[in-house]
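J.: Got these off Swiss-Prot a minute ago, pasting:
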{"type": "DISULFID", "residues": "50-56", "note": "disulfide bond"}
{"type": "DISULFID", "residues": "51-64", "note": "disulfide bond"}
{"type": "MOD_RES", "residues": "64", "note": "cysteine amide"}
{"type": "SIGNAL", "residues": "1-21", "note": "signal peptide"}
């Protein structure tokens, strides 16, 4: 393989790595945002004393157990 061919393969590998990294990062951002929203909702319910209210406790078993 010539030097030009090696350089071309190197550039293709860098480009492919960048594309894969970019798309997986965007997917990860969506999951992180959803997790953060759920965590803030759970924290808000806990702060308001949801687990002491029978109806709230019944509607949110994931927090109150």
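Just so you know, glycine gets a Cβ as well, placed from its N, Cα and C.
A quick note: this is a predicted structure, and the numbers were derived from the prediction, not measured.
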J.: What's the number of neighbouring CB atoms sitting within 10 A of the CB on residue 50 (disulfide bond)?
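T.: If we count other Cβ atoms within 10 Å of residue 50 (disulfide bond), we arrive at 17.
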J.: Can you see whether DSSP assigns residue 56 (disulfide bond) to helix, strand or coil?
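T.: For residue 56 (disulfide bond) - judged by DSSP and reduced to three states - the answer is helix.
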J.: Return one of helix, strand or coil for residue 51 (disulfide bond), based on DSSP.
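T.: Residue 51 (disulfide bond) sits in a helix per DSSP.
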J.: When a 10 Å sphere is centred on the Cβ of residue 51 (disulfide bond), how many other Cβ atoms does it contain?
T.: 14
